[in-house]
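Report on one structure; see the data block that follows.
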Amino acid sequence: MSEVFDLTCDLISRPSVTPEDAGCQAMIAARLERVGFTCEHLHYGSVANLWATHGQGAPVLVLLGHTDVVPPGPIEAWTSDPFIPQRREGKLYGRGAADMKGSVAAFVIAAERFLVAHAGHPGTLAILLTSDEEGQAIDGVRKVAETLRQRGQGIDWCLTGEPSSSKRLGDLLRVGRRGSLSATLHVKGVQGHVAYPHQARNPIHLAVPALAALTARHWDDGDESFPSTSLQISNIHAGTGANNVIPGALEVAFNLRYNPHWSAPRLESEIVALLDQHGLDYTLHWHRSGEPFYTPEGKLRRIAREVLERFSGAPPEESTGGGTSDARFIAPLGAQCIEIGPVNASIHQVDEHVCLADLEALPDLYQLLIERLLADH
């Protein structure tokens, strides 16, 4: 087929279920070194990270991606083996085809082609890959960003290859993301027989008014760039499984997706104050996944918009929706961040796939972005 097809197939065939890399980064580094990149392997715990750079000085453009994939689930549910790439009816099937080994392959091909034409380009072209995006995201880009900060490494622009397109390649330009804050609430009660409630304290009954207040809370109205903040309860667990036992404890997990009107500490303070109004005996454990970020109108967005319109035939929607991405760790370094990638309709699903026409177009799209940002600088 083509270079990008062959490289994507090679990556898919490596079962890099998070946090495994399965040799993806070593293979990519060998290719990049052949065209003049300096490659540094940063291993933290069981996580592999690759920091590859070409050129020097500003401006610094980072192509950000991940080599890990989510587990495929039951193999028998797939039409073909998720780690044996298969071409069918104009699509390439396999775990990671869309999220995001196709984009990683396109990054590599685009960088190689760019350097053939612009070996002495201004500034720095960097590629940052991790095997910890789909997992805990602790020893991946989060840790690499800390290392880069300590070194004083500046980053001007970051292009993440997450599958951001909705219906067709290039129809959506991600220009920011909401923050994500998770919590696990433990409410203590007193276990007892359901026939003798006066001898027990039912933590479910005690917590219901507080949970109702949490879910009814109107956090904000959002703005022209971000939707309103949302709180969703994701898990509730209590009881022994028997229907005649009042549980002694309740565990509730919830998550907030929040816009820049809030910070994680402010949200935590608000929720603690609300819970304290209900007299619960509780503990609360927080996990901050990342603060919101936003790339304002400027050179990066303008060029990305022009390039996407050229490839998709219409101006892209500019959005801050969706989940989180590793760009949340790069933005605090002062970088303007955007996300452009293939259609996301099949990601994390059985029979994940990428349209072959989109896969073939991705290297050209990324190469044009690199040229507009660095070669035309």
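Easy rule for this one: first residue shown is 1, then count along the chain.
Placement of Cβ uses the backbone N, Cα and C atoms for every residue, glycine included.
As written in Swiss-Prot, here are the features:
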type	residues	note
BINDING	His66, Asp99, Glu162	Zn(2+) 1 binding site
ACT_SITE	Asp68	active site
BINDING	Asp99, Glu134, His348	Zn(2+) 2 binding site
ACT_SITE	Glu133	active site, proton acceptor
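Positions of the features from Swiss-Prot, shown on the structure.
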residue	record	DSSP (3 states)
His66	Zn(2+) 1 binding site	strand
Asp99	Zn(2+) 1 binding site	helix
Glu133	active site, proton acceptor	coil
Glu162	Zn(2+) 1 binding site	coil
His348	Zn(2+) 2 binding site	coil
Rounded Cα-Cα span from Glu134 (Zn(2+) 2 binding site) to His66 (Zn(2+) 1 binding site), Å: 8
Tertiary neighbours of Glu162 (Zn(2+) 1 binding site) (same chain, Cβ under 8 Å, six or more apart): Asp99, Met100, Ser103, Arg174, Ser325, Glu339, Gly341, Asn344
Remaining residues near the recorded Zn(2+) 1 site, that is with C-beta within 8 Å of the centroid of the site residues His66, Asp99, Glu162: Gly65, Met100, Ser103, Glu133, Glu134, Thr160, Gly161, Pro163, Ser325, Gly341, Ile347
His348 (Zn(2+) 2 binding site) to Glu133 (active site, proton acceptor) - Cα separation in whole Å: 13
Lowest local Cβ density among Asp68, Asp99, Glu133, Glu134, which the record lists as recorded positions, within 10 Å: Glu134
Winner by Cβ contact number (other Cβ atoms within 10 Å) across the binding-site residues His66, His348: His66
